[in-house]
Amino acid sequence: MTVTVGVVAVQGDVSEHARAIERAGGGHGLETNVRELRTAGIVPDCDVLLLPGGESTTISRLVHREGIADEIREHAEAGKPILATCAGLILVSSDSGDDRVDTLDLLDVTVERNAFGRQRESFEAPLSVAGLDEQFPAVFIRAPAIEHVGDDVEVLATWDGRVVAVRQGPLVGTAFHPELTADSRIHDLAFFEDEAVRSLV
Ligand SMILES: NC(=O)CC[C@H](N)C(=O)O
């Protein structure tokens, strides 16, 4: 069976995510077809969506302008899986504290952009993640932190006392970039590992 994965590609490169998705799906004997999302009309064909990092103000502007934002909302309302990382997490949050990001309000969290300070714009941290046996090498790049977490939101990981990964039903959000190491367990966790999520595909 082939899982169609839509990766928002209005900014930046999607190839690292595509590789991680292929590896994760392959571990379950699933073929994956990665579609790059730059225009409206493709999201309805996708089983799962990935909203990657980048600059959240730019991504927000483009997904709304291209009509992709409404399609992402419909995908979420249908209960289909989404993995949102870094700027993607900011986009799906209920509030980013920044008027320039028109958030989609799919995940009941508020975030603080660039929360880890200028002197630590980029760092790697060994993270304990709920559901993973061994620590995950998490790469943070001008990362947001999750501030307020709603009742239906499960905290998957914290770093430095701050929440950096969450799940709300079929939506997983991470403040870090899970695609930048050869470890595809976060993609697996979000899309393929959870039986309830797999049954939606
Ligand atoms: N790596 C990232 O996605 C950084 C997010 C970026 N700092 C923002 O606020 O949009």
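Along the chain as shown, the residues are counted starting at 1.
Glycine residues also receive a Cβ, built from the backbone N, Cα and C atoms like all the rest.
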Record says Gly54, Glu55, Ser56, Ile141, Arg142 bind L-glutamine. Source is TrEMBL. Which of Arg19, Arg23, Arg113 does it list for that same site?
Arg113
Looking at the active-site residues Cys86, His177, Glu179, whose Cα is closest in space to that of Ser56 (L-glutamine binding site)?
Cys86
C-alpha of Arg113 (L-glutamine binding site) to C-alpha of His177 (active site, charge relay system): distance in Å?
15
How many Å lie between the Cα of Glu179 (active site, charge relay system) and the Cα of Glu55 (L-glutamine binding site)?
16
